């Protein structure tokens with residue numbers, strides 16, 4: 001076997017400082033020797049005033065002996081070779097464990113013959129143990145350079161998977177690398193995001209809790225506090241932990257503790273009656289029956305945690321309880337165990353006998369004894385020892401069959417073994433010396449008689465895909481204080497849909513406020529970290545949890561404003577039709593014939609079109625309605641103004657024609673009046689055609705002016721075209737107004753220029769005020785303003801120009817004469 005000078009010096013130093021190694025507590029002769037290091041006591045045996053017998057250690061030793069005996073009786077595995085053992089008591093001390101390992105690897109015994117070609121020294125080939133991570137780290141460091149396997153059944157620290165530091169360490173229990181992550185996933189599964197954490201202050205607890213916290217943070221779980229405890233801590237430190245728990249707001253406590261530290265902590269928790277907390281436990285204590293028996297105040301009721309899957313090994317229970325076989329191996333250890341089991345003393349016992357303590361007969365029956373030794377709830381751990389011994393046996397079997405490869409070490413073979421136990425379980429180690437990671441999820445459920453039943457409620461299998469590793473059965477779980485409702489442990493309540501999380505300053509990410517989403521934004525999931533803006537054509541509902549289609553707004557016939565404007569438009573059309581009928585009925589009267597009746601009828605026709613074109617502005621905008629409304633409005637108004645302009649010019653020409661030598665009417669007769677109206681109108685038609693050709697108006701969804709609704713309107717297309725149409729109308733109106741104003745005082749009994757002046761004044765006033773009102777009016781109101789301007793100017797022209805004439809025609813017919821119209825008084829002939 002390989003060694004180096006440094007370790008030889010260390011071994012010599014240890015032997016000198018600690019003395020010669022004592023004899024093993026248990027031993028068994030054999031061709032090949034296996035070592036065992038278990039804790040039979042909780043303190044060194046020389047301190048008889050303080051030691052405590054550890055029944056679990058005896059169970060571990062018995063499991064190892066059972067596996068050895070079973071292998072020795074097998075004809076298939078190591079035929080003709082017997083296994084022996086040397087088992088030492090570490091007393092739960094790291095130093096004692098290291099000293100025992102040195103004693104095992106330093107044993108010098110005779111050479112025996114393994115085959116015709118190979119010989120090997122009869123020293124220890126592998127060591128089984130220890131139960132805790134810290135002792136295993138120390139032992140593995142010492143024996144690593146000698147390539148002697150150390151196989152632990154209960155040391156779970158992830159740090160031991162580092163093969164650079166611990167090359168010869170293997171284990172038959174999964175690494176905490178998986179357990180810590182499984183605990184974090186379990187906490188996440190039940191929705192607990194605000195938890196406390198208590199750990200054992202050693203390599204097992206510190207490394208395991210560090211991995212748990214790291215994984216918890218990845219899953220969005222916050223740890224309110226993380227405190228460490230050790231069984232030897234002074235009462236003041238334990239009290240500080242109690243105070244931290246009392247001051248916390250989390251209702252879930254994750255305990256990454258050894259069963260010895262849980263014992264100490266449970267006593268303090270019971271004294272302060274800290275009930276109502278939901279405990280989540282690691283495998284080191286969650287299925288310890290003696291801890292459940294200690295919990296008389298029901299502190300841990302409803303606890304959930306991970307345990308090694310249940311196991312059954314045929315014949316092991318009977319073998320372990322057949323403790324009398326220890327008598328042939330270590331009489332002193334057997335007597336000590338027997339006295340502790342039955343609370344009696346042998347007659348020749350050297351230990352102190354208490355008053356009224358009965359004498360041991362050696363024939364007491366274990367059937368009626370109920371304590372840790374007879375409790376087989378830790379059979380999975382004992383099964384791990386059993387599998388470890390068999391792993392060594394299979395490796396040895398391979399070495400004996402290796403022919404020309406006998407120089408290979410047991411360690412190399414054991415890392416590559418793969419076999420099935422008689423119970424059908426496959427045993428192998430990965431590259432880190434770890435077995436497959438599988439855990440049962442158990443729940444502490446109180447029974448009617450006051451005991452606790454460890455009920456399997458799920459399974460964690462690290463070999464499966466991440467989304468299927470954790471599965472829970474449909475079985476009802478019991479929670480803290482026997483509640484059937486899953487406890488709630490959060491720093492902040494979940495933010496409902498329609499809100500988003502806003503972190504509280506200086507606090508963990510699990511502590512936040514819920515802020516309502518802004519207008520136009522939604523969140524449709526719980527605990528959303530942000531709000532999503534709705535599509536431009538959608539808007540958030542009142543609860544801010546869904547986007548709904550924005551209401552489309554336009555000036556419709558159904559609403560009040562649209563109905564009123566429609567009524568006004570129809571009223572104007574009807575009034576114009578009535579006036580037209582009156583004018584047609586009295587078309588031969590002087591007042592109708594005056595100033596060119598053709599222009600009057602054309603003006604009435606254009607006014608009718610003006611009133612009707614306002615209807616194109618009402619209703620849902622479409623391609624044709626957008627083009628029609630502006631062009632029809634522009635052309636009909638120009639036609640209207642052209643007629644008014646023609647009538648104004650007729651007034652001026654008539655006055656000039658009455659002057660001596662004037663030939664004005666010759667140059668502005670009916671033909672010229674028609675041509676002027678046609679020319680003025682064709683100019684507007686050309687502007688409109690150019691507008692429609694270059695960039696016509698089109699329907700447009702305005703989503704900028706209002707956030708919560710869509711304004712359906714007609715975009716102008718070319719703004720130049722729109723303002724050119726309005727500008728041309730305004731130019732004609734101003735020209736007409738100026739001419740009418742000049743003719744307002746011409747001598748005539750019925751001077752039409754006065755009414756035209758007034759109508760043009762109204763027209764200009766309406767359209768001057770229209771521009772700022774149109775620009776500043778939002779949405780459909782801009783359309784209403786434009787319709788109002790059209791109707792107002794139309795009614796202005798109709799009322800100012802035609803109503804006075806209708807008044808005379810219908811109510812003052814005596815004034816409807818040529819003589820009166822020309823201003824001559826007296827009776828007519």
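Just so it is clear, glycine is given a Cβ too, placed from its N, Cα and C backbone atoms.
TrEMBL: automatically predicted annotations, no manual curation.
The following features are taken from TrEMBL:
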DOMAIN    561-825  domain 'G-protein coupled receptors family 3 profile'
TRANSMEM  560-586  transmembrane segment
TRANSMEM  598-619  transmembrane segment
TRANSMEM  631-655  transmembrane segment
TRANSMEM  675-694  transmembrane segment
TRANSMEM  722-743  transmembrane segment
TRANSMEM  755-775  transmembrane segment
TRANSMEM  787-810  transmembrane segment
Across the domain 'G-protein coupled receptors family 3 profile' (561-825), what does the pLDDT come to on average, as a whole number? 81
Beyond the flanks of the transmembrane segment (787-810) by at least 6 residues, Cβ under 8 Å: 555, 565, 568-569, 572, 575-576, 579, 582-583, 586, 589, 591-592, 600, 603-604, 607, 610-611, 613-614, 617-618, 633, 637, 640, 644, 647, 750, 752, 755-756, 758-759, 762-763, 766-767, 770, 774, 816
Which residues of the same chain, at least 6 past either end of the transmembrane segment (598-619), have a Cβ under 8 Å from a Cβ in it? 554-557, 562, 565-566, 569-570, 572-573, 576-577, 579-580, 583-584, 592, 625, 628-629, 632-633, 636-637, 639-640, 643-644, 646-647, 650, 670, 673-674, 677, 783, 786-787, 790-791, 793-794, 797-798, 801-802
Which residues, given as numbers and ranges, are at least 6 beyond the ends of the transmembrane segment (722-743) yet have a Cβ under 8 Å from it? 630-631, 633-634, 637-638, 641-642, 644-645, 648-649, 651-652, 655, 680, 683-684, 687-688, 691, 697, 716, 751, 753, 756-757, 760-761, 763-764, 767
Counting only residues 6 or more past its boundaries, what in the same chain has a CB within less than 8 Å of a CB in the transmembrane segment (560-586)? 592, 597, 600-601, 604-605, 607-608, 610-612, 614-615, 618, 780, 784, 787-788, 791, 794-795, 798, 802-803, 805-806, 809-810, 816
Where else in the chain does the transmembrane segment (675-694) make close Cβ contacts, counting only residues six or more beyond its ends and a cut-off under 8 Å? 599, 602, 627, 630-631, 634-635, 638-639, 641-643, 645-646, 649, 717-718, 721-722, 724-725, 728-729, 732
